[in-house]
């Protein structure tokens, strides 16, 4: 039961972009709607849990939320260019690499031979996985798709920076869990407004995309509940399984066309990235 509970964040987070695309709108209205949904749930949770809030927690949480908006908005821009099934494995891989390297450099993780071995293997798996999931169809090259791939990856670099700061700022100041949820959601809405207001995001699609925000906050809630039960490392590894849901959802629900060659490459790439997430989770416990 505890493991099933720990899988819920992956189910919730993996389905967010599928809802974003299905509900329609551009990346700006999608971003704004998602942040509003997250804020609604965070306010409700705050009144039930009533976590301790200090000025430090509030400021750090808002800064963290601002950068989450940067990450999410650019991830949705990339999806518009490359599709869900290509964007999400690459995005997940980039996030795992960046947060892992930051952990090693700043927080001195991977301090044991086992952790170093698993960590290096994980990074190799992620890089190979990203290459495989971004494999192009030979026929697409005539239609200018490689330029979309390049643009999409450049946008994902900005997205990864946003997600990295979102995670790292909270960790640097030891702000996490229930206390961070509401301040982060406020920061997300502020960031969403700043990033999107020039693009007239206030429309029916922004309202529709409140639903993915509710789902995102629900995933966070289940992550906080499951961590004490299964441990941070297991919870972290399982939460990365969302890549399976988003990628397969992109192919089978959103009907993104793939050749047999691409499907095989994507399947192998996903397996490698998931294995890397498991290795990183184990490395955390052996540091």
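Cβ coordinates come from backbone N, Cα and C, glycine included.
Panel annotation: around the transmembrane segment (4-26), residues 33-34, 75-76, 79-80, 84, 87-88, 199, 201, 203-206, 208-209, 211-212, 215-216, 218-220, 222-223, 225-226, 229-230, 234-235, 238-246, 249-250, 253-254 of the same chain, lying at least six beyond its termini, place a Cβ under 8 Å from a Cβ of the stretch. If you look up Swiss-Prot, you'll see 4-26 (among others) marked as transmembrane segment.
Here Swiss-Prot flags 38-60 (among others) as transmembrane segment, drawing on sequence analysis. If you look at the transmembrane segment (38-60), the same-chain residues 6 or more away from its ends with a CB under 8 A from one of its CBs are 169-170, 173, 175, 177-186, 188-189, 210, 213-214, 216-218, 221.
What Swiss-Prot records for 110-132 (among others) is transmembrane segment.
Residues or ranges marked as transmembrane segment by Swiss-Prot: 153-175 (among others).
The feature transmembrane segment is assigned by Swiss-Prot to 180-197 (among others), with sequence analysis given as support. Same-chain neighbours of the transmembrane segment (180-197): 28-29, 31-32, 34-36, 38-39, 41-43, 45-46, 51, 53, 57-70, 72-73, 166, 170, 217, 220-221, 224, counting only residues six or more beyond its ends whose CB sits under 8 Å from a CB of the stretch.
Remote same-chain partners of the transmembrane segment (210-227), defined as residues 6 or more beyond its termini with a Cβ less than 8 Å from a stretch Cβ, comprise 2, 5-6, 8-13, 15-17, 19-20, 23, 30, 33-42, 45, 177-178, 181, 185, 235, 238-239. If you look up Swiss-Prot, you'll see 210-227 (among others) marked as transmembrane segment, on the strength of sequence analysis.
Feature annotation from Swiss-Prot assigns transmembrane segment to 232-254 (among others); the stated evidence is sequence analysis. Counting only same-chain residues 6+ beyond the ends of the transmembrane segment (232-254), those with a CB under 8 A from a CB of the stretch are 3, 6-7, 9-18, 21-22, 83-86, 88-89, 92, 96, 133, 219, 223, 226, 263, 266, 270, 273-274, 277-278, 280-282, 284-285.
Residues annotated as transmembrane segment in Swiss-Prot, with sequence analysis given as evidence: 261-283 (among others).
Sequence-distant neighbours of the transmembrane segment (110-132) (same chain, 6+ residues past either end, Cβ-Cβ under 8 Å): 89-90, 93-94, 96-97, 100-101, 103-104, 265-266, 268-273, 275-277, 279-280, 282-284, 286-287.
Counting same-chain residues at least six beyond the ends of the transmembrane segment (261-283), those with a Cβ under 8 angstroms from any Cβ of the stretch are 85, 89, 92-93, 96, 100, 109-110, 114-116, 118-119, 121-123, 125-126, 128-133, 135, 137, 233-234, 236-237, 240-241, 243-244, 247, 251.
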